[in-house]
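Just below is one structure, and these are the notes that go with it.
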2 protein chains.
Amino acid sequence: MSKETKIPQATTKRLPLYYRFLQNFANEGKQRVSSQELSEAMKIDSATIRRDFSYFGALGKKGYGYDVQHLLQFFRETLDQDEATNVALIGVGNLGNAFLKYNFQKNHNTRIVVAFDSKAPLEGTEISDIPVFHPDRLEEMYEKYNAELAILTVSARSAQAMADRLAQMNAKGILNFTPIRLNIPETMKLMNIDLSVELQALIYLIRN
Amino acid sequence: MSKETKIPQATTKRLPLYYRFLQNFANEGKQRVSSQELSEAMKIDSATIRRDFSYFGALGKKGYGYDVQHLLQFFRETLDQDEATNVALIGVGNLGNAFLKYNFQKNHNTRIVVAFDSKAPLEGTEISDIPVFHPDRLEEMYEKYNAELAILTVSARSAQAMADRLAQMNAKGILNFTPIRLNIPETMKLMNIDLSVELQALIYLIRN
């Protein structure tokens with residue numbers, strides 16, 4: 001992929017989905033797939049799929065569709081599925097707890113390896129087999145466990161302070177579940193998921 | 001708003017955010033605000049803000065900015081903030097449990113009023129003061145509690161069957177946290193939040 005091409009965030013968010021559905025097609029023994037078939041399986045319109053794929057160069061042939069193994073290999077490399085990612089979870093409240101228990105079981109290469117919570121003792125404890133430390137040891141343990149990015153599930157009032165510490169440590173990214181719009185350096189990547197906002201947006205769609 | 005205008009989903013998802021930040025500005029006593037100020041507070045570029053607002057007609061005046069109270073009133077009506085919404089939660093596993101405990105405390109007009117889980121007894125139980133019934137009573141209790149939409153946090157293998165039952169009952173929308181791409185009638189609204197996909201998309205951004 002050309003370094004010049006700016007991939008829209010909406011496209012970025014669909015890449016893991018494409019990968020998952022191509023895996024399904026491959027498991028079913030399919031050798032090629034049309035954008036129409038992908039569209040029906042994924043509930044994404046086929047024009048969107050073709051536009052998304054076009055950002056990565058012409059991957060399909062007209063009248064033939066896409067070669068499943070070729071596409072799968074392409075997305076595996078693009079998504080670095082062969083490389084493990086260690087994740088730190090910051091804030092073990094209700095949502096954080098759900099993450100620890102779930103721990104992305106289906107993503108074999110992505111794991112929460114360490115967690116932090118202000119109620120945890122300095123020497124650490126374990127929840128669902130994952131070590132949980134007091135945030136006073138964030139810098140030390142984030143490095144020790146080779147975490148690359150953090151899931152932020154702390155309270156709104158701690159969110160920016162935690163983001164500042166992560167930025168100081170050159171953490172690469174934050175998956176932010178707090179309602180705070182974080183100030184972070186441009187070198188850090190950020191994804192915001194605000195569950196209240198998603199719910200309100202759905203209500204808006206229903207009413208309008 | 002004209003019924004002809006198709007608001008992009010990305011804009012829809014920002015509406016509740018605009019509302020929240022305008023409330024902040026109003027609470028600080030501000031009477032007008034520029035797209036630049038909104039941009040800095042919300043970390044959304046100001047061109048996007050102006051484009052979003054343009055879908056709802058020209059709400060600001062050049063060189064003056066936007067009238068805070070006027071905009072706030074506009075978004076309150078648009079988002080139906082004065083109307084209560086009853087939500088059903090289907091699936092009280094780890095994530096569902098987190099929802100029950102959190103229950104959108106900041107959205108005064110949106111509430112989970114009833115939940116369903118296959119481990120709950122037929123006669124019902126309570127978690128965090130919310131009644132939880134066995135899914136055998138979904139149709140009966142969804143109606144009794146006047147639920148308008150459902151949060152779906154069941155396992156992947158139950159997801160489509162639950163969506164089918166919700167469609168049968170004319171449920172208005174689903175906030176889908178399962179990894180399944182649901183088949184639903186066009187009259188129903190759907191928002192998908194796949195936490196693994198969000199995490200993988202963030203990892204992609206970090207690596208590329």
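Any Cβ shown, glycine's included, is placed from N, Cα and C.
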Of B:17-56, B:57-96, the range TrEMBL labels DNA-binding region: B:17-56
Same-chain residue ranges lying at least 6 outside the DNA-binding region (B:17-56) that approach it to Cβ under 8 Å: 1, 5, 7, 11, 64-69, 71-72, 74-76, 78-79, 81
Tertiary neighbours of B:G91 (NAD(+) binding site) (same chain, Cβ under 8 Å, six or more apart): B:F116, B:D117, B:L152, B:T153, B:V154, B:S155, B:S158, B:M162
Subset of B:G91, B:V92, B:N94, B:L95 (binding-site residues) with C-beta under 8 Å from chain A: B:N94, B:L95
Residue distribution over DSSP helix, strand and coil in the domain 'CoA-binding' (B:80-181): 32 helix, 28 strand, 42 coil
Mean predicted confidence [pLDDT] for the domain 'CoA-binding' (B:80-181): 92
